[in-house]
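As recorded in TrEMBL, the features of this protein are as follows:
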type: COMPBIAS; residues: 54-70; note: compositional bias 'Basic and acidic residues'
type: COMPBIAS; residues: 563-573; note: compositional bias 'Polar residues'
type: DOMAIN; residues: 63-131; note: domain 'RL'
type: DOMAIN; residues: 189-347; note: domain 'Poly(A) RNA polymerase mitochondrial-like central palm'
type: DOMAIN; residues: 443-486; note: domain 'PAP-associated'
type: REGION; residues: 42-70; note: region 'Disordered'
type: REGION; residues: 541-584; note: region 'Disordered'
Amino acid sequence: MAARGVGLLTRLPLHSQRRSRVQRSISRHLCCPGTVAANVGSEEQPLGGAETGSEDKIPKKRFSEVQEERREQAQRTVLIRCPNNVNEKKFLKYLSQHGPINNHFFYESFGLHAVVEFCQKDSVDSLQNGTHTPKQRTDPVIPFKSRFLNLKLKNSSNQIPQQSYAQTNKQLPPSSKKLFELLNYAENIDDQLNTLLKAFQLTEENVRLRHLTCSLIEDIAAAYFPGCVIWPFGSSVNTFGKLGCDLDMFLDLDEIGKLDVHKNAGDFLMEFQMKTVPSERIATQKILSVIGECIDNFGPSCVGVQKILNARCPLLRFSHQASGFQCDLTVNNSIALKSSELLYIYGSLDSRVRALVFSVRCWARAHSLTSSIPGTWITNFSLTVMVIFFLQRRSPPILPTLDSLKSLADAEDRCILNGHNCTFVRDLYKIKPSGNTETLELLLKEFFEYFGNFAFNKNSINIRQGKEQNKPDSSPLYIQNPFETSLNISKNVSQSQLQKFVDLARDSAWILEQEDKSQPSLSSKQPWGLATLLLPPGAVSTPLSKKKKKPMNEKVKGLLASIKSSTTDSSKGTHGKRAISTQV
Ligand code: GTP
Ligand code: MG
């Protein structure tokens, strides 16, 4: 496997290296004593090693520890809309009147914003106490106080010339052009997969912004439900998030009861008066409805609120403009949080897992196999489970089955949710690393071969047992829900979408089979390796993209067999490249 870290870090543009130096010096100046200055910037150690794809040496924390720490960090943080010409030093000095700042960064989303994390929560209160409610506006405003603030310049000495504007941090993945450049410069296909991971994974800053957004929404929900918690789940926290992915969050009302102090002394027990409702579902709909109104009417920067209350899992969908996130809010969706924890564990166990999942997800997106709009196509969640299943099937396995993670669990790990057994070991150090040393290049090719030839018509995918099983119904694609085991997570997928996936998987296996094993000269502009797989449909000529005369399965098998047998054919490695259009 290629050495990690060869990709982006060594090629950081000069200005971002300079930014890191400036930021470090400012933070050192302002940092609170006794606090580890976890300064933002990819080279610093994040709170959760696995979360932002940091290297294997970083201790791997439990999912719940990472979430608690991130939540606490977000509570000490404010979001500030700033004028473009703000003087960074003066701005930080001004804020540090309220207490020491642990770190900060700037980014653009409908204007310049700063995320500022204080060392202590008291500083946020102090800042809010010194903040004015705007008056004399042309449009009337609702005087709602939050941790999303607006910075105004009182005099011109706080302004600076354009060339000295604060450096902003990017919150989106690289353009296709940039990505193809990065991939072309990689040393080999393994390096390409790791490069893609580094380019697309959530940055430390983006993770902070996601937790801060949840925290800001939590403040709104807490107006109705004091003590509630809003947790992020899904790809924001499961280690498989791509820059630009949505922000899934759920309102946890179970946390409220945990704060109650039960005074059992005496003959009485006091309870809160509650209103009863006919069902849990109606309770969920009512809660979401009222919070939806609140977010819509008072939530700064929350726009386009949609109440999708009749869905199987009722939700609120809205955009948080200041962070740029598309948000989905659900209630008491604790099984989904448990799924996120399970994926976090799988993503943290072996450095190849995330690299493979990211490449497969990007490949699926490039070929419109996935979409941000719900429909009959495969989802990223299903694709991730398919990669996990494939890695469980290797010899020796790269990932353990869910049943074996359950067998390693102790009493503290026991977890039953809505009657479903969601128990698995949560301490990553109790799981033995795999002895499998296969390269990413081989794994990617074999992933495509495996699913290009999978008997989807009769078998289901089951990560609990790590085995193919007979399908219990006629859904084209059956992937057993890991916890609610009678459900299929890919029930929505149509036969034609599955066929498209299979055809593309076979095409991609064929392309990789022909690839040179080494990188072409650096001067070559020809996409190669992984880049070839990400090209738009039609850009690569494969036998399979031409008119199909034979059934797909036989044809690919025949091609692969003929390629394997002609080992002395030196032209085979370049054949695929010659057929590629260089247009990206
Ligand atoms: P992105 O496409 O990057 O947003 O991936 P994601 O994993 O966040 O997927 P998505 O936003 O669609 O769903 C969020 C989370 O909900 C997933 O990570 C799963 O934990 C859960 N989830 C999504 N779809 C299903 C499903 O069909 N069944 C079950 N049980 N859980 C699901
Ligand atoms: Mg999501």
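Each residue, glycine too, has its Cβ placed from N, Cα and C.
Broken down with DSSP, the domain 'PAP-associated' (443-486) shows 10 helix, 7 strand, 27 coil.
Averaged across the domain 'Poly(A) RNA polymerase mitochondrial-like central palm' (189-347), pLDDT in this predicted model comes to 92. In terms of DSSP helix, strand and coil, the domain 'RL' (63-131) has 33 helix, 22 strand, 14 coil.
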